[in-house]
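Novice: Input: one structure, supplied below.
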Ligand SMILES: Nc1nc2c(ncn2[C@@H]2O[C@H](COP(=O)(O)OP(=O)(O)OP(=O)(O)O)[C@@H](O)[C@H]2O)c(=O)[nH]1
Ligand SMILES: [Zn+2]
């Protein structure tokens, strides 16, 4: 029997939210009175100065409070919005967060998608299949707290899909599954339904042309993913980085992340340690604490290779990931410092220029009153 607790007034709305991924993890964060007056919404797209939220009643444009900038919000986020003003009052603590080192010289982290349950790491049964690249995505997923599944497409274009599936499975026992399919066959796309359904959020990563859009279109039952891409494409270019969340035909949600060519890693040492936990454990057994695992006496890593218990190629891939992560994590700290210094210098310079010209800064909007 339902009781007359104040929570009950929200119950029916919250039930509808469950289909969008709402869970106890989020509900627990809004038990206070102030939060109860606000409206929980899932972020389905983020623009420069506003975002679009979704709840069981539909979509709504949401404004940012002064302290929140577009870079601080990710597609898939749960927020509490003021029902009157439509302003985001609180971003709820995420269950998972996918981010990357942004493309370009400045090594800034870029939020890609929040609260994703399953990451479909997509590759094709052809030359795109590359263990090092798959491991990068696996590290990313594990570090973000997302369940990884490898999806192998274009099985209709090879005689040996099973070989690819075996190789994929051998990469890690952290994989929740390896699915080989023809993305153009809707019957086979159903193999992904194990990870989809009401309340569950999935996302796809993988190289260009492996079939991500084909799969997303099959799951959403429309061309909306592709349509959204074209819409955003005001200048007629064929690439855009607009990420968006879509409802799937059989329930659940998929985050589309088009145009992700570069996936720079940063600050993912936890994910690397998890994916390569055997190597991590071995490094703890080396005689010297600062062992480089090359030719030092008492190196447990080299001993495992000699005993055929560790693939030297895998060790090399681990080394590369470790050094890339270290480099980017350090350069990001340095670049944050440099960016702040540049902003200060730029401001000082434009202030000086304005003074020299005798101009005062232009107010953005005439003030009322
Ligand atoms: N035969 C076959 N063709 C496929 C399969 N998956 C995708 N394709 C084709 O491969 C091409 C690329 O597929 P997309 O879905 O656009 O690939 P994508 O990963 O979204 O590529 P980007 O949008 O560039 O990131 C299209 O012509 C698809 O029809 C498959 O399993 N079998
Ligand atoms: Zn060693």
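For all residues, glycine too, the Cβ spot is worked out from N, Cα and C.
Just so you know, TrEMBL annotations are computer predictions that nobody has curated.
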Novice: Between 288-328, 329-369, I'd like to know which one TrEMBL lists as region 'Disordered'.
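Specialist: From TrEMBL, the annotated region 'Disordered' range turns out to be 329-369.
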Novice: When secondary structure is assigned with DSSP, how many helix, strand and coil residues does the domain 'EngC GTPase' (114-261) contain?
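Specialist: Once the DSSP states are binned, the domain 'EngC GTPase' (114-261) shows 56 helix, 32 strand, 60 coil.
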Novice: If we check Cα distances from residue 208 (GTP binding site), which of the binding-site residues 286, 291, 293, 299 wins as closest?
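Specialist: Nearest listed residue in space: 293.
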Novice: How many Å lie between the Cα of residue 153 (GTP binding site) and the Cα of residue 293 (Zn(2+) binding site)?
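Specialist: Answer for this pair: 37 Å between alpha carbons.
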Novice: Taking the recorded Zn(2+) site as 286, 291, 293, 299, identify the other residues of that chain whose CB atom sits within 8 Å of the mean position of the site's CB atoms, giving them in sequence order.
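Specialist: Everything else in range on the chain: 282, 283, 287, 288, 292, 294, 296, 298, 300, 301, 302.
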Novice: List those of the binding-site residues 206, 293, 299 whose Cβ lies under 6 Å from any atom of ligand 2, in sequence order, or write none if there are none.
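Specialist: What lies within reach of ligand 2, judged by Cβ under 6 Å, is 293, 299.
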Novice: Nearest to residue 291 (Zn(2+) binding site) by Cα distance: which of the binding-site residues 155, 206, 210, 212, 214 is it?
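Specialist: Going through 155, 206, 210, 212, 214 one by one, the closest to residue 291 (Zn(2+) binding site) is 206.
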Novice: I want to verify one value. Collapsing DSSP to three states, which class is residue 291 (Zn(2+) binding site)?
Specialist: coil
